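Below is one structure, written out as structure tokens, with a few remarks after it.
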């Protein structure tokens, strides 16, 4: 009946408006049951469960064998790690797979089967789940003793497919790869030519003492190529040139030319090309998001204009104010935007809204979130008014910055004076007394600012919250220090008591005081602009951070499988061997990995052989085989590490720099167009940063797209 149709139209409008708010596609089923399922799926509870599931399945790698649940990664000192029994992590995995199965089923149903076959991400999602479940079954059949688990490498995909922004980023990276490949090829040519020159320059001679460069770095083609590739990363600079430079200073010209051409020209040229190809990526993405928002709002207008209460005599489509109010009350949206739209509706004298008026109302979603600070208290007393003027004046804040600088300088002076003293010779009286004086000043400053500004206005400024929080923590630590160790006095070196020693407490207080000095940033205009720009980028570039996690995770898991148990401690010597299967959990290891490879294949062989010579004949045979296996493994490992270097350092870091430059330059150029107003803060997102350069979609584009909707039949 008419009532049920009206309810359906209202629910459709609610969902379309929520899609517009979240920049979601509207190409999904729009019948009553599907709309209920759609809103349930995108509810905070369901999305929270999905995010938690992704976090859990990614975190399993830190618990599974080889476990990372140890304080230190050094094989000489760490205790045996706890390894979960077979079936524990597998049970958690199965629960995660079930959640993902529900997720992909709901997504596939909501978009419809015709759209499903066009969606490559969903098909890849199902394929990943099938492979993961098959690998999970294999694990159980082997009682968790299998060495290779394919599903662990596939886990980052679950994070990737859950973010539309990460998918767009990958698509853009894919379009940038051909241009990057040309520069990488040029880099390979540069590397190959200089490798040939190096092998000719540092060829073997009759004098073994003069052949150190050949022995260590340029013995053959693979070693020569590796040495120069590592030099391109500057990880072995200047070690690689020392033997040749010691022989003849002129050899330095070769290394200088290689470094200048490779690092200063080609690597920076790669950054420039990536920036040139990638700089329009975010703008295109935001333009697409704007189109989705406008399309969602227009779809809501079209379904609301189909309500039975709409006047039939109207020459053009229109929506009643009452219907829109009904939709707004049920829609999930920011309270600020909702209140602003409702205020505009109450001020509107008409009962019906045209498409242009309807769209204009929802432009409130595109505006900056303006945060106005509460007013200062109004004191009646003339004395209090003078106090308020004095302690609310910017000069009082500048005085606080000067005092904080004096505190930092005094700490530096005391630390320099005590740098060479033994702990038993150190007197903590001066540092303790200085800290006590300055912390009392910080407390007084905070209280006077609260008196002048009022508590609500004081807390409305992020810099004040930062300053006040650190002041309270410093006060608590100082009181705790006095309660445990008494007041400062000459020769103040009491015995260890409580959780921390006196020196630990003093060091902690000093670190917080140094950290508190960052309060000066808001008072330095251009520094504040740089910092706020970087903070905005950090908050809004979650897609890049997510892909970075995916890359790190995939290479870490691959490294664990490839190099697990490759290098282990020998006998009782407890030599400092690196175990890549565990070191990959800490990932910083990989950045300097070419040096580690050369180190393993050269220096470690000598140490192992010297250990072997002191043992039995059987031990010598074992050691020789061991060195040979490590040597071969390390040669093949170069491919893995070069791939990591290319993807992480060469491609990914340059992409990140390009995006940072694009956003930073855009905001820096606009700094004169919008200065921060007194008492007002603008909370910007990436979409709002580019709002003034985006193009509004036309009426024809919106209607054409709506008529292509696979599940929505419009009346006109």
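Glycine is treated like the rest: Cβ placed from N, Cα and C.
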Between the ranges 450-468, 564-582, 583-601, TrEMBL assigns transmembrane segment to 583-601
Candidate ranges 543-563, 669-689, 690-710; TrEMBL annotation transmembrane segment resolves to 543-563
Within the same chain, the residues 6 or more beyond the ends of the transmembrane segment (122-143) and with Cβ under 8 Å of it are 86-87, 90, 93-94, 97, 100-101, 104, 107-108, 111, 116, 149-151, 154, 157-158, 161
Tell me, please, if the transmembrane segment (639-661) and the transmembrane segment (429-448) are in contact, taking contact as 3+ Cβ pairs under 8 Å between residues separated by 6 or more positions? no
Grab the same-chain neighbours of the transmembrane segment (45-63) for me: Cβ-Cβ under 8 Å, and only residues 6 or more beyond its ends, written as numbers and ranges. 69, 84, 89, 92-93, 95-96, 99-100, 103, 152, 155-156, 158-159, 162, 549, 553, 556-557, 560, 585
Tertiary contacts of the transmembrane segment (180-202), as residues 6+ beyond its ends and Cβ separation under 8 Å: 213-214, 217-218, 221, 224-225, 227-229, 232, 244, 251, 254, 258, 261-262, 266-267, 269-270, 273-274, 277, 646, 650-651
